[in-house]
């Protein structure tokens with residue numbers, strides 16, 4: 001179908017922004033529909049995965065419940081056998097484990113029934129719960145028969161438990177078959193959902209390809225072709241050719257670009273004419289400026305020579321004043337260092353005094369503790385005397401018991417062995433008591449020697465403290481004298497520094513004036529050179545303007 005003239009005019013005036021808006025809107029709608037479809041498919045898949053997971057959990061709950069129920073009955077049987085063998089403690093543990101397993105299996109069955117919402121599972125789950133209650137009752141009867149040690153009652157309830165377990169196994173098989181069929185049904189539904197999603201994705205892909213082709217055709221016809229034409233105009237303008245006029249194309253963004261390009265071409269033509277006029281005026285002004293700058297440069301050179309002589313004289317005076325200031329500052333610094341050393345010595349003496357006092361107090365405390373230790377050692381010796389007396393009496397009693405056992409003959413042999421062991425223990429206790437008494441005697445002697453040594457250390461520490469206090473008083477006098485010397489040196493250094501500062505300020509001002517004079521001379525020289533360069537640039541500018549084709 002060939003587009004009519006009105007249609008072509010409409011496309012020429014169609015805003016690129018509007019066209020791109022429609023294209024992007026179609027793409028956005030396609031993307032939105034694709035996203036919604038994918039979201040719907042994902043929700044369906046999530047539901048199916050959840051159902052499969054619940055089905056698997058139901059099978060696990062059912063199998064674990066039956067396994068724990070079987071283990072509960074097995075523990076009761078083991079407990080019954082152990083109780084018959086006289087192992088009551090082990091049988092009790094078996095009974096407790098059976099109760100725990102029965103409670104866990106009951107919880108799993110209740111959870112299975114609660115989650116069995118399908119009609120096909122609901123009836124079987126209810127029957128399973130009732131049958132499990134019968135089985136739990138039979139196992140409880142086994143535990144009761146075990147506690148009563150009734151073999152007849154145990155075999156009776158054991159038969160009931162076996163029958164209930166048989167029905168539970170049959171129900172488990174039916175439930176597992178039903179759950180498996182439900183899982184297969186979910187997988188078939190998932191396959192059908194996947195096929196629908198794939199077909200929908202292919203359709204959306206076809207729509208996207210068609211939209212992409214239409215978008216490319218619009219961009220190639222309404223954007224790329226006009227931009228190539230505009231690029232040709234830009235290349236000609238960049239090369240200096242302004243002779244080819246720019247024609248407008250429509251009222252859209254590309255048309256506005258061509259209108260602005262036309263305005264730029266005309267503006268460059270006007271600018272080139274103005275530049276040509278300005279170049280002639282600059283040539284005349286540069287000649288006059290060159291003469292004025294030559295005269296200014298000569299005057300500034302003479303002024304710089306006179307300032308150089310004045311700056312040299314002030315620099316020599318500044319050097320002398322700074323030497324005086326440095327000597328005063330050096331003296332002040334030396335005095336300050338002496339003051340710091342004196343202060344440091346005073347602090348160290350103060351720390352020595354505090355340390356000596358603390359050491360004296362600690363030695364006195366240690367001496368008191370050692371005195372307490374001596375008393376405690378004496379108390380321990382008294383306790384050991386009592387223990388030794390008790391062991392001697394125990395030895396005598398064991399000897400009497402051995403004699404009585406010997407009189408009893410064969411009937412008292414076991415008692416004689418015990419009496420002999422008691423006598424041996426009493427003998428060992430007596431020997432250990434003697435060894436401890438010897439060690440306590442050594443500790444007591446060492447402690448008394450330590451107390452005497454502590455007392456001597458206390459006396460020496462007190463003497464050291466008195467000497468340190470006297471040294472601190474002497475250092476305090478030295479510190480005060482150094483402080484007065486430091487204050488006087490600071491006054492001298494401050495006065496010398498003020499004089500040096502004034503001299504430096506004068507020297508700096510003269511140097512600044514000389515620097516400004518040099519800068520002015522250099523500026524005049526640069527201005528002269530710039531005026532000459534400006535004359536050359538005027539010629540070059542005229543030549544450049546001549547290169548353009550208007």
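Cβ atoms are placed via backbone N, Cα and C, with glycine included.
Residues 199-219 are the range that Swiss-Prot records as transmembrane segment, among 199-219, 220-240, 241-261. Per Swiss-Prot, the L-quinate site holds 71, 72, 73, 74, 75, 76, 77, 78, 135, 142; the candidate it also names there, chosen from 63, 115, 158, is 158.
Among the binding-site residues 73, 75, 77, 169, the residue whose Cβ has the fewest other Cβ atoms within 10 Å is 169.
Taking the mean position of the Cβ atoms of 71, 75, 135 as the salicylate site, the remaining residues of that chain whose Cβ falls within 8 Å of it are 68, 69, 70, 72, 73, 74, 76, 98, 101, 102, 105, 139. Distance between Cα atoms for residue 169 (3,4-dihydroxybenzoate binding site) and residue 135 (salicylate binding site): 12 Å, as a whole number.
Most other Cβ atoms within 10 A: among the binding-site residues 71, 135, that distinction falls to 135. Each residue contributes its Cα atom, and for residue 73 (3,4-dihydroxybenzoate binding site) and residue 135 (salicylate binding site) those atoms are 9 Å apart. On the 0 to 100 pLDDT scale, the domain 'Methyl-accepting transducer' (278-514) averages 72 in this prediction. With respect to their backbone Cα atoms, residue 135 (salicylate binding site) and residue 71 (benzoate binding site) stand 13 Å from each other.
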